[in-house]
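Engineer: Checked TrEMBL, it gives:
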type: DOMAIN; residues: 1-310; note: domain 'Major facilitator superfamily (MFS) profile'
type: TRANSMEM; residues: 12-34; note: transmembrane segment
type: TRANSMEM; residues: 40-58; note: transmembrane segment
type: TRANSMEM; residues: 136-157; note: transmembrane segment
type: TRANSMEM; residues: 169-191; note: transmembrane segment
type: TRANSMEM; residues: 198-216; note: transmembrane segment
type: TRANSMEM; residues: 222-246; note: transmembrane segment
type: TRANSMEM; residues: 258-279; note: transmembrane segment
type: TRANSMEM; residues: 285-305; note: transmembrane segment
Amino acid sequence: MEFTSSELRAPVNFVFMCATAVIAIFLTGFAYAISDWRTLELTACLLPIIVFFIWTFVPESPRWFIGRKRFREAEAILEEVIKNNIKQHEEVLGILTDDEEETLFENSFQENIPEKTIVNKEENYTFIDLFKTWRIALITLNICFGWMVCSMLYYGVILKSVDMAGNRYLNYLLMQIVEVPSNYASYYFFIRFDHRKPISFFMVFSGLNCIVSNFVTEGSFWIPLILVVLGKFGISAAFSSIYLLSAEIFPTVVRTNGLGVASMTARIGSMLAPFILHLSYYVKWLPLSIFGVLSFISGMMILLLPETKDKDLPQTLDDLTNRKNF
């Protein structure tokens with residue numbers, strides 16, 4: 001995201017999320033062909049190993065270097081982009097904000113300063129900085145809660161679908177196929193409206209479908225499945241959107257820390273999902289109702305976050321704190 005301008009963030013995010021959906025669709029075929037879950041798990045673990053080596057060829061973000069006052073390395077990355085993509089100098093600088101571009105030019109004289117002199121000026125940030133002021137702490141907690149609920153519903157409805165009537169492989173396949181149109185829906189709403197309301201809408205939409213599915217007659221097979229698929233549609237769109245919104249909200253100096261903390265809380269949500277589903281042995285309608293209520297609450301809370309549409313990425317913690325729309 002730090003390599004793209006504000007106009008291209010949504011399209012890039014759409015491509016990334018669709019790639020994830022396509023891989024999940026192929027996983028259905030692997031699961032059908034490999035009956036042993038241990039073998040399936042080992043097979044699925046091969047892809048992250050490949051990605052690990054691919055990431056070694058991805059350059060660091062020049063915006064991150066500028067935020068850390070490592071201007072020589074930022075210039076080197078931008079020059080490499082200009083050379084490899086045959087772009088004009090002005091086009092490449094378009095990924096930077098006016099302040100970042102000005103800072104880079106003002107400090108271009110540091111090319112002749114020893115590297116250790118520049119590194120000494122670098123400030124180190126940790127996840128603790130996400131909670132240093134009450135405003136940033138509230139933003140962080142709101143985002144983390146949204147990630148946790150999205151992950152909880154995302155995996156919860158998938159686990160629910162394979163236990164519903166019908167073929168579990170077909171049910172799972174439907175859950176993954178619906179991600180492609182859901183990602184397009186999130187992309188369409190992102191470019192047409194602001195960046196908070198679509199997430200709020202999709203989370204409320206998903207929650208309502210989960211709750212309504214509890215009141216469908218037991219004799220019907222397709223209607224409950226369709227409602228759960230619609231719930232998956234909504235939460236998939238919200239999940240792909242909240243990732244982009246979070247990346248746009250967290251300042252460059254703590255963006256990795258912020259996304260890491262949010263991802264950690266998402267894992268908590270995914271771990272809680274099967275335990276919540278287990279409550280159906282006691283009260284059948286309780287799990288999906290819990291999912292629905294939490295999704296509704298989080299959807300409303302998302303509206304309290306700062307708006308990011310067509311805005312430059314914040315560079316420092318002060319940039320986030322001083323945003324007028326928060």
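Residue numbering: from 1, along the chain as shown.
Note: Cβ is positioned from N, Cα and C throughout, glycine not excepted.
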Engineer: Count, for each of 12-34, 40-58, 198-216, 222-246, 258-279, the Cβ pairs lying under 8 Å from the transmembrane segment (285-305), and report the range with the highest count.
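Structural biologist: Comparing 12-34, 40-58, 198-216, 222-246, 258-279: 198-216 has the most Cβ pairs near the transmembrane segment (285-305).
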Engineer: Which one, 12-34, 169-191, 198-216, 222-246, has the most C-beta pairs under 8 Å toward the transmembrane segment (136-157)?
Structural biologist: 222-246
Engineer: Counting only residues 6+ away from its ends, which parts of the chain sit with a Cβ under 8 Å from the transmembrane segment (169-191)?
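Structural biologist: Residues packing against the transmembrane segment (169-191) from afar: 10-11, 13-14, 17-18, 20-22, 24-25, 27-28, 31-32, 157-158, 161-162, 197-198, 201-202, 225, 229, 232-234, 236-238, 240-241, 244, 309.
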